[in-house]
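Asks: Sharing a structure with you now.
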Amino acid sequence: MNAYEANFDGLVGPTHNYGGLAVGNIASAESALTNSNPREAALQGLEKMKRLADLGLMQGVLPPQERPAVSVLRKLGFTGEDATIIRCAAKVAPGLLRACSSASSMWVANAATVSPSADTEDGKVHLTAANLPSQFHRSIEAPVTSAVLKRVFSNERYFVHHDPLPSNLYFGDEGAANHMRLCPRHGEPGVEIFVFGRSASRDIPKPLRFPARQSLEASEAVARLHQIKRGKELFVQQGPAAIDAGAFHNDVLAVANCDVLFYHEAAYRDWEETEARITKACDWPIHFIRTGEEDVTLAEAVRTYLFNAQLLTLPGNEMMILAPSECRDSHSARNFLERVVQDAANPIAHVEYVDLRQSMKNGGGPACLRLRVVLTEPELDAVQENSRVILDECLYNDLKAWIEKHYRECLSPTDLGDPALLQESRAALDELTTILGFGSLYDFQRP
């Protein structure tokens, strides 16, 4: 059966700002409390989506969450009208307001883990929204993430939704950013690789500088929930030194597509053992495209997000890399990519660069912005039954006009305390749900 790998990208929200919230995210820390440009950020993300759609790839769109999250501030003791709550939080707890205003839901690689129907015992697509307990500003996303995914993938004949795991560090789950899949072709059964940084129950090496986010126990639970076919799941440990260098998720240093694993050798605790285990689990040859310190240092790989590129199969079965423009500007990263595409021994034939500087300054590259979902033709038809989330020229034009209408060009840290920003954001999201055919999605839209 024909199948497509659809990339569902998160739209950048109107409150995109540099709050410096993410522990272990070096770019986020370096950009903390500087001015952002939400309009530019959203347009950059949309242009990336448009480029992939123009290449003939299946490209979807997921909406941002409502921010500032006034309902969360109420749970934390702030009272009064919405405007009063925002002003008070800005005065007495500005860090809390920044967290509740974060547009981090744009990085939908952390939204969920998705297993395609070819990999599961019941032949259905399984989705588990990530609980993200390691960072407060992300831990509040799971309920709306679940609602969005259930709206988009609503047909119970094809899709199974699991609740987020219990929200604690024992089951810390960061979604698809720590999950990869290898397969002969997208529609065929594959091997799912779950990458963890720590274990709550086993004594394993740990990073020293930054905390590991994904637990082995969470990865094992998601694999069980998804009913992955026996022997077709692997659990691999991140390199502790990589986490300390700023690779807070596996997708900062590795990306897989079909029969290719493109990665930095520091990504895993033992890269040789990892390759051996993958080779044993797969019934088809795997192209391991690996680099190390001699070609691209770990620090440069993290700075440029070289391996947070998207690795894509084009119509015609050639592969291409969509890398952040920071890689083009880096001598070592650019040279490595040029050598990869010139090597006829691997399927990667092209590289393109994309400007995502607004997202990159917050520590999110091309792969952070997308959730990969392999869909058969009937599954894709089911997605399009009740919503308008697959990008075409008309939807692109509508979204571009929507962004230009509603988004500010500059947002400073103090602007987060402006109650007008909440009203602007709600007006934007209210219109967006109409554009996407969602109906009422957000709390403010309900009586």
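Each residue, glycine too, has its Cβ placed from N, Cα and C.
What Swiss-Prot shows for this protein is this:
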ACT_SITE  E174  active site
ACT_SITE  H249  active site
ACT_SITE  C368  active site, nucleophile
BINDING   19-28, N110, 137-138, R213, D251, N362  substrate binding site
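What's the neighbourhood like for these features in this structure?
Replies: Under the three-state DSSP scheme, E174 (active site) falls in the coil class. The Cβ of E174 (active site) lies under 8 Å from the Cβ of N110, A130, L132, S134, R213, Q214, H249, each of these being in the same chain and 6 or more residues away along the sequence.
In the three-state DSSP assignment, the secondary structure recorded for H249 (active site) is coil.
For the recorded site, C368 (active site, nucleophile), the DSSP three-state label reads helix. Note: C368 (active site, nucleophile) has non-local neighbours W107, A109, N110, A177, D251, N308, S359, i.e. same-chain residues 6+ apart with C-beta under 8 A of its own C-beta.
Residue density at N25 (substrate binding site): 22 other Cβ atoms are found within 10 A of its Cβ, drawing on all protein chains shown.
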Asks: Check each residue in the chain of V23 (substrate binding site) that is at least six apart in sequence and keep those whose C-beta is under 8 Å from its C-beta; list them in sequence order.
Replies: S134, Q135, F210, P211
